[in-house]
Amino acid sequence: GVGLSLVLGFGVAYACYYLNSIAKKPQLVASNDRFCRFLEEYCPVVTETYYPTIWCWEGRVQTLLRPFITSRPQVQYRNELIKTEDGGQISLDWFDNNDSSYYPDASTRPTVLLLPGLTGTSKESYILHMIHQSETLGYRCVVFNNRGIAGEELLTPRTYCAANTEDLEAVIHHVHSLHPSAPFMAAGVSMGGMLLLNYLGKTGRDTPLMAAAIFSAGWNVFESVESLEKPLNWLLFNYYLTTCLQSSISRHRQMLEKLFDMDLVMKARTVREFDKQFTSVMFGYRSIDDYYEDASPCRKLKSVGIPVLCLNSVDDVFSPAHAIPVETAKQNANIALVLTSCGGHIGFLEGIWPRKCTYMDRVFKQFVQAVFEHGNKIFSM
(Lines of atoms letter the chains of each structure in order from A and count residues from 1; the text may use other names and numbers.)
(Lines give C-alpha, C1' and ligand atoms only; values in the text may rest on other atoms or scores of the structure.)
Protein backbone atom coordinates (compact mmCIF):
# COMPACT_ATOMS: atom_id res chain seq x y z
CA GLY A 1 0.00 0.00 0.00
CA VAL A 2 2.79 2.39 0.84
CA GLY A 3 4.57 1.57 -2.42
CA LEU A 4 1.41 2.13 -4.47
CA SER A 5 0.78 5.42 -2.69
CA LEU A 6 4.30 6.57 -3.49
CA VAL A 7 3.93 5.62 -7.16
CA LEU A 8 0.57 7.36 -7.42
CA GLY A 9 1.90 10.41 -5.63
CA PHE A 10 4.91 10.62 -7.93
CA GLY A 11 2.68 10.10 -10.95
CA VAL A 12 0.34 12.92 -9.95
CA ALA A 13 3.26 15.23 -9.16
CA TYR A 14 4.93 14.46 -12.50
CA ALA A 15 1.67 14.98 -14.41
CA CYS A 16 1.18 18.36 -12.72
CA TYR A 17 4.76 19.37 -13.53
CA TYR A 18 4.37 18.21 -17.15
CA LEU A 19 1.09 20.07 -17.73
CA ASN A 20 2.29 23.25 -16.02
CA SER A 21 5.90 23.46 -17.21
CA ILE A 22 6.38 21.22 -20.27
CA ALA A 23 3.20 21.21 -22.37
CA LYS A 24 2.86 24.74 -23.73
CA LYS A 25 1.54 26.62 -26.72
CA PRO A 26 4.36 27.67 -29.06
CA GLN A 27 5.32 31.30 -29.33
CA LEU A 28 4.23 32.72 -32.69
CA VAL A 29 6.37 35.66 -33.78
CA ALA A 30 5.10 37.57 -36.81
CA SER A 31 4.70 41.27 -37.44
CA ASN A 32 2.16 40.80 -40.23
CA ASP A 33 -1.37 40.44 -38.87
CA ARG A 34 -2.56 38.94 -42.16
CA PHE A 35 0.11 36.24 -42.00
CA CYS A 36 -0.88 35.51 -38.39
CA ARG A 37 -4.55 35.18 -39.27
CA PHE A 38 -3.65 32.99 -42.23
CA LEU A 39 -1.69 30.62 -39.98
CA GLU A 40 -4.38 30.58 -37.30
CA GLU A 41 -7.01 29.60 -39.89
CA TYR A 42 -5.14 27.24 -42.19
CA CYS A 43 -2.19 26.08 -40.07
CA PRO A 44 -3.77 25.95 -36.60
CA VAL A 45 -1.18 23.50 -35.26
CA VAL A 46 1.16 26.47 -34.66
CA THR A 47 -1.30 27.93 -32.14
CA GLU A 48 -2.19 24.70 -30.33
CA THR A 49 -0.53 23.32 -27.20
CA TYR A 50 2.40 21.06 -28.04
CA TYR A 51 2.46 17.98 -25.83
CA PRO A 52 5.96 16.45 -26.07
CA THR A 53 6.30 12.73 -25.41
CA ILE A 54 5.80 12.56 -21.66
CA TRP A 55 8.81 10.30 -21.03
CA CYS A 56 11.05 11.97 -23.58
CA TRP A 57 10.65 15.75 -23.62
CA GLU A 58 14.17 17.03 -22.91
CA GLY A 59 15.87 18.50 -25.98
CA ARG A 60 19.00 16.35 -26.07
CA VAL A 61 17.01 13.17 -25.47
CA GLN A 62 14.52 14.01 -28.23
CA THR A 63 17.38 14.76 -30.62
CA LEU A 64 19.15 11.48 -29.87
CA LEU A 65 16.09 9.21 -29.91
CA ARG A 66 14.16 10.53 -32.91
CA PRO A 67 16.16 8.63 -35.57
CA PHE A 68 15.63 5.37 -33.69
CA ILE A 69 11.99 5.83 -32.66
CA THR A 70 10.31 7.28 -35.72
CA SER A 71 9.24 4.97 -38.52
CA ARG A 72 10.68 5.03 -42.04
CA PRO A 73 7.87 5.16 -44.61
CA GLN A 74 8.57 3.31 -47.84
CA VAL A 75 9.28 5.70 -50.72
CA GLN A 76 10.17 4.78 -54.29
CA TYR A 77 12.43 7.41 -55.81
CA ARG A 78 13.36 8.23 -59.36
CA ASN A 79 16.94 9.46 -59.41
CA GLU A 80 18.19 12.19 -61.70
CA LEU A 81 21.74 13.51 -62.02
CA ILE A 82 22.07 17.06 -63.29
CA LYS A 83 25.27 18.74 -64.40
CA THR A 84 26.60 21.98 -62.97
CA GLU A 85 28.48 24.77 -64.72
CA ASP A 86 31.76 23.85 -63.02
CA GLY A 87 31.60 20.25 -64.31
CA GLY A 88 30.13 18.69 -61.18
CA GLN A 89 26.88 16.82 -60.73
CA ILE A 90 23.95 16.93 -58.30
CA SER A 91 21.75 13.99 -57.37
CA LEU A 92 18.01 14.63 -57.21
CA ASP A 93 15.57 12.03 -55.89
CA TRP A 94 12.06 12.48 -57.24
CA PHE A 95 8.81 11.24 -55.78
CA ASP A 96 6.53 11.94 -58.73
CA ASN A 97 3.28 10.81 -57.07
CA ASN A 98 1.83 9.84 -60.44
CA ASP A 99 -1.08 8.12 -58.69
CA SER A 100 -2.27 11.43 -57.29
CA SER A 101 -6.05 11.62 -57.57
CA TYR A 102 -6.11 15.26 -56.46
CA TYR A 103 -3.69 16.41 -59.17
CA PRO A 104 -3.71 13.87 -62.04
CA ASP A 105 -2.16 16.41 -64.42
CA ALA A 106 1.58 16.23 -63.75
CA SER A 107 2.17 19.64 -65.34
CA THR A 108 0.20 21.42 -62.62
CA ARG A 109 0.85 19.06 -59.69
CA PRO A 110 2.25 21.11 -56.76
CA THR A 111 5.94 20.44 -56.13
CA VAL A 112 7.85 20.55 -52.85
CA LEU A 113 11.64 20.76 -52.92
CA LEU A 114 13.15 19.16 -49.79
CA LEU A 115 16.60 20.03 -48.39
CA PRO A 116 18.05 17.57 -45.80
CA GLY A 117 20.49 18.46 -43.03
CA LEU A 118 24.29 18.65 -42.94
CA THR A 119 25.08 15.04 -43.87
CA GLY A 120 21.51 13.98 -44.62
CA THR A 121 20.09 12.53 -47.83
CA SER A 122 16.72 11.49 -49.20
CA LYS A 123 16.89 8.43 -46.93
CA GLU A 124 16.53 10.39 -43.68
CA SER A 125 13.41 9.51 -41.71
CA TYR A 126 12.28 13.15 -41.46
CA ILE A 127 12.50 13.48 -45.26
CA LEU A 128 10.55 10.25 -45.74
CA HIS A 129 7.84 11.53 -43.40
CA MET A 130 7.59 14.81 -45.31
CA ILE A 131 7.15 12.87 -48.53
CA HIS A 132 4.52 10.65 -46.90
CA GLN A 133 2.60 13.75 -45.77
CA SER A 134 2.88 15.24 -49.26
CA GLU A 135 1.72 12.00 -50.88
CA THR A 136 -1.55 12.07 -48.95
CA LEU A 137 -2.18 15.58 -50.25
CA GLY A 138 -1.38 14.64 -53.85
CA TYR A 139 1.84 16.63 -54.16
CA ARG A 140 5.11 15.83 -55.91
CA CYS A 141 8.45 15.99 -54.03
CA VAL A 142 12.05 16.25 -55.09
CA VAL A 143 14.97 15.89 -52.68
CA PHE A 144 18.11 17.94 -53.24
CA ASN A 145 21.08 15.80 -52.15
CA ASN A 146 24.22 17.84 -51.61
CA ARG A 147 27.20 16.94 -53.76
CA GLY A 148 28.95 13.67 -53.07
CA ILE A 149 26.84 12.29 -50.22
CA ALA A 150 24.09 10.29 -51.94
CA GLY A 151 26.29 7.68 -53.60
CA GLU A 152 27.10 9.61 -56.76
CA GLU A 153 30.69 10.33 -57.80
CA LEU A 154 32.33 13.65 -57.08
CA LEU A 155 33.45 14.91 -60.49
CA THR A 156 35.23 18.01 -59.20
CA PRO A 157 37.03 18.72 -55.90
CA ARG A 158 34.04 20.57 -54.48
CA THR A 159 31.32 19.56 -52.02
CA TYR A 160 28.92 22.01 -50.34
CA CYS A 161 28.41 24.48 -47.52
CA ALA A 162 25.61 26.48 -45.88
CA ALA A 163 26.68 29.78 -47.45
CA ASN A 164 27.16 28.88 -51.11
CA THR A 165 23.76 28.79 -52.85
CA GLU A 166 24.93 28.13 -56.43
CA ASP A 167 23.88 24.46 -56.46
CA LEU A 168 20.52 25.25 -54.88
CA GLU A 169 19.91 27.98 -57.45
CA ALA A 170 20.68 25.49 -60.23
CA VAL A 171 18.31 22.91 -58.74
CA ILE A 172 15.46 25.40 -58.30
CA HIS A 173 15.88 26.63 -61.88
CA HIS A 174 15.97 23.04 -63.17
CA VAL A 175 12.87 21.89 -61.29
CA HIS A 176 10.92 24.99 -62.25
CA SER A 177 11.89 24.64 -65.91
CA LEU A 178 10.53 21.08 -65.94
CA HIS A 179 7.18 22.10 -64.43
CA PRO A 180 6.75 25.84 -65.01
CA SER A 181 2.98 25.72 -64.44
CA ALA A 182 3.15 23.80 -61.17
CA PRO A 183 2.94 25.61 -57.82
CA PHE A 184 6.38 25.33 -56.24
CA MET A 185 7.68 25.71 -52.69
CA ALA A 186 10.57 24.38 -50.59
CA ALA A 187 11.26 23.03 -47.11
CA GLY A 188 14.69 22.85 -45.48
CA VAL A 189 15.81 21.04 -42.35
CA SER A 190 18.77 22.05 -40.18
CA MET A 191 21.61 23.01 -42.57
CA GLY A 192 19.17 22.58 -45.44
CA GLY A 193 17.06 25.27 -43.82
CA MET A 194 20.08 27.51 -43.40
CA LEU A 195 20.99 27.09 -47.06
CA LEU A 196 17.42 27.82 -48.12
CA LEU A 197 17.26 30.96 -45.95
CA ASN A 198 20.57 32.19 -47.34
CA TYR A 199 19.24 31.66 -50.86
CA LEU A 200 16.02 33.51 -50.08
CA GLY A 201 17.95 36.35 -48.47
CA LYS A 202 20.01 36.64 -51.62
CA THR A 203 17.16 36.47 -54.14
CA GLY A 204 14.40 38.38 -52.33
CA ARG A 205 11.25 38.15 -54.43
CA ASP A 206 13.18 37.00 -57.51
CA THR A 207 12.49 33.27 -57.06
CA PRO A 208 9.99 30.80 -58.52
CA LEU A 209 9.26 29.56 -55.00
CA MET A 210 5.88 30.59 -53.58
CA ALA A 211 6.87 30.09 -49.95
CA ALA A 212 9.20 28.08 -47.74
CA ALA A 213 9.21 26.14 -44.47
CA ILE A 214 12.32 25.98 -42.28
CA PHE A 215 12.87 23.47 -39.48
CA SER A 216 15.57 23.56 -36.76
CA ALA A 217 17.83 25.97 -38.64
CA GLY A 218 20.99 27.21 -36.98
CA TRP A 219 20.54 30.98 -37.13
CA ASN A 220 23.96 32.09 -35.94
CA VAL A 221 26.77 29.66 -36.73
CA PHE A 222 29.12 31.19 -34.15
CA GLU A 223 26.59 30.51 -31.40
CA SER A 224 25.79 27.04 -32.76
CA VAL A 225 29.38 25.80 -32.75
CA GLU A 226 30.03 27.34 -29.34
CA SER A 227 27.00 25.48 -27.94
CA LEU A 228 28.09 22.23 -29.57
CA GLU A 229 31.58 22.55 -28.08
CA LYS A 230 30.33 22.44 -24.50
CA PRO A 231 31.59 19.18 -22.97
CA LEU A 232 28.32 17.24 -22.84
CA ASN A 233 27.18 18.47 -26.26
CA TRP A 234 30.58 17.63 -27.77
CA LEU A 235 30.33 14.12 -26.37
CA LEU A 236 26.73 13.57 -27.52
CA PHE A 237 26.71 15.39 -30.87
CA ASN A 238 29.80 17.28 -32.01
CA TYR A 239 32.28 14.44 -32.28
CA TYR A 240 29.78 12.16 -34.00
CA LEU A 241 28.77 14.87 -36.46
CA THR A 242 32.43 15.54 -37.24
CA THR A 243 33.03 11.86 -38.00
CA CYS A 244 29.96 11.90 -40.27
CA LEU A 245 31.42 14.84 -42.19
CA GLN A 246 34.75 13.06 -42.52
CA SER A 247 33.03 9.88 -43.65
CA SER A 248 31.07 11.79 -46.30
CA ILE A 249 34.30 12.97 -47.96
CA SER A 250 36.55 9.96 -47.34
CA ARG A 251 35.18 8.03 -50.33
CA HIS A 252 36.17 11.00 -52.52
CA ARG A 253 39.64 11.26 -51.04
CA GLN A 254 41.46 10.72 -54.34
CA MET A 255 39.62 13.66 -55.91
CA LEU A 256 39.90 15.96 -52.88
CA GLU A 257 43.60 15.30 -52.27
CA LYS A 258 44.31 17.48 -55.29
CA LEU A 259 43.49 20.55 -53.19
CA PHE A 260 43.48 19.55 -49.52
CA ASP A 261 45.70 18.00 -46.91
CA MET A 262 43.27 15.17 -46.23
CA ASP A 263 45.34 13.74 -43.38
CA LEU A 264 44.91 17.04 -41.53
CA VAL A 265 41.19 17.19 -42.35
CA MET A 266 40.67 13.67 -41.01
CA LYS A 267 42.28 14.66 -37.69
CA ALA A 268 39.53 17.18 -36.92
CA ARG A 269 37.66 16.47 -33.69
CA THR A 270 35.06 19.22 -33.89
CA VAL A 271 32.88 20.70 -36.60
CA ARG A 272 34.77 23.98 -36.21
CA GLU A 273 38.11 22.25 -36.87
CA PHE A 274 36.66 20.49 -39.91
CA ASP A 275 35.29 23.75 -41.30
CA LYS A 276 38.59 25.52 -40.65
CA GLN A 277 40.67 22.92 -42.50
CA PHE A 278 38.19 22.01 -45.22
CA THR A 279 34.93 23.91 -45.79
CA SER A 280 36.16 27.49 -45.45
CA VAL A 281 39.22 26.71 -47.59
CA MET A 282 37.17 25.01 -50.30
CA PHE A 283 34.93 28.03 -50.79
CA GLY A 284 37.70 30.63 -50.69
CA TYR A 285 37.09 32.33 -47.35
CA ARG A 286 40.01 34.17 -45.77
CA SER A 287 39.16 32.72 -42.37
CA ILE A 288 36.65 30.48 -40.69
CA ASP A 289 35.09 33.57 -39.10
CA ASP A 290 34.39 34.99 -42.56
CA TYR A 291 32.72 31.73 -43.54
CA TYR A 292 30.62 31.51 -40.39
CA GLU A 293 29.49 35.11 -40.78
CA ASP A 294 28.42 34.47 -44.37
CA ALA A 295 26.72 31.18 -43.47
CA SER A 296 24.56 32.64 -40.67
CA PRO A 297 20.99 33.18 -41.95
CA CYS A 298 20.24 35.80 -39.30
CA ARG A 299 22.26 38.26 -41.38
CA LYS A 300 20.01 37.87 -44.42
CA LEU A 301 16.59 37.54 -42.83
CA LYS A 302 15.55 41.13 -43.57
CA SER A 303 15.91 40.51 -47.33
CA VAL A 304 13.62 37.46 -47.59
CA GLY A 305 10.84 38.34 -50.04
CA ILE A 306 8.38 35.42 -49.85
CA PRO A 307 6.34 33.97 -46.95
CA VAL A 308 8.50 31.76 -44.73
CA LEU A 309 7.50 29.75 -41.66
CA CYS A 310 10.36 28.80 -39.32
CA LEU A 311 10.01 26.21 -36.56
CA ASN A 312 12.61 26.06 -33.77
CA SER A 313 12.69 24.63 -30.29
CA VAL A 314 14.24 26.84 -27.61
CA ASP A 315 15.99 23.79 -26.10
CA ASP A 316 17.84 22.95 -29.33
CA VAL A 317 21.57 22.82 -28.57
CA PHE A 318 22.30 23.17 -32.29
CA SER A 319 20.53 26.54 -32.34
CA PRO A 320 20.52 28.18 -28.89
CA ALA A 321 17.43 30.17 -27.95
CA HIS A 322 19.37 33.41 -27.45
CA ALA A 323 20.61 33.20 -31.06
CA ILE A 324 17.13 33.02 -32.63
CA PRO A 325 16.63 36.41 -34.35
CA VAL A 326 13.24 37.27 -32.88
CA GLU A 327 13.61 41.05 -33.21
CA THR A 328 14.94 40.81 -36.77
CA ALA A 329 12.05 38.54 -37.75
CA LYS A 330 9.59 41.19 -36.54
CA GLN A 331 11.06 43.61 -39.08
CA ASN A 332 10.09 41.45 -42.08
CA ALA A 333 6.40 40.92 -42.81
CA ASN A 334 7.22 37.72 -44.71
CA ILE A 335 8.62 35.89 -41.68
CA ALA A 336 6.79 33.88 -39.04
CA LEU A 337 8.71 32.14 -36.25
CA VAL A 338 7.14 29.28 -34.30
CA LEU A 339 9.10 28.61 -31.10
CA THR A 340 8.32 25.59 -28.95
CA SER A 341 9.57 25.14 -25.39
CA CYS A 342 10.67 21.54 -26.09
CA GLY A 343 11.56 19.51 -29.15
CA GLY A 344 15.32 19.52 -29.46
CA HIS A 345 16.93 19.43 -32.90
CA ILE A 346 14.61 17.87 -35.51
CA GLY A 347 12.90 16.09 -32.62
CA PHE A 348 9.42 17.41 -31.83
CA LEU A 349 8.27 13.98 -30.66
CA GLU A 350 4.72 13.72 -29.34
CA GLY A 351 2.42 10.95 -28.17
CA ILE A 352 3.17 8.03 -25.87
CA TRP A 353 5.06 6.11 -28.57
CA PRO A 354 5.97 8.65 -31.27
CA ARG A 355 6.68 6.47 -34.27
CA LYS A 356 4.45 7.77 -37.03
CA CYS A 357 4.03 11.52 -36.80
CA THR A 358 5.84 14.34 -35.02
CA TYR A 359 4.80 17.91 -34.32
CA MET A 360 7.20 18.97 -37.07
CA ASP A 361 5.44 16.69 -39.55
CA ARG A 362 2.09 18.25 -38.70
CA VAL A 363 3.44 21.78 -39.09
CA PHE A 364 4.92 20.82 -42.45
CA LYS A 365 1.71 19.22 -43.72
CA GLN A 366 -0.61 22.01 -42.66
CA PHE A 367 1.63 24.82 -43.90
CA VAL A 368 2.33 23.22 -47.29
CA GLN A 369 -1.37 22.55 -47.80
CA ALA A 370 -2.23 26.09 -46.70
CA VAL A 371 0.22 27.60 -49.19
CA PHE A 372 -0.84 25.48 -52.16
CA GLU A 373 -4.59 25.71 -51.54
CA HIS A 374 -5.03 29.12 -49.90
CA GLY A 375 -1.79 30.93 -50.62
CA ASN A 376 -3.44 33.75 -52.52
CA LYS A 377 -4.53 35.12 -49.14
CA ILE A 378 -0.95 35.86 -48.07
CA PHE A 379 0.80 36.55 -51.36
CA SER A 380 -0.64 40.06 -51.47
CA MET A 381 1.12 40.95 -48.20
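Keep in mind that glycine also has a Cβ here, set from the backbone N, Cα and C atoms.
Annotated features in TrEMBL:
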ACT_SITE  SER190  active site, charge relay system
ACT_SITE  ASP316  active site, charge relay system
ACT_SITE  HIS345  active site, charge relay system
DOMAIN    110-351  domain 'AB hydrolase-1'
All-chain count of other Cβ atoms within 10 Å of HIS345 (active site, charge relay system): 25
Number of Cβ atoms other than its own within 10 Å, given for SER190 (active site, charge relay system): 26
Cα separation, HIS345 (active site, charge relay system) to ASP316 (active site, charge relay system) (Å, whole number): 5
ASP316 (active site, charge relay system), number of other Cβ atoms within 10 Å: 29
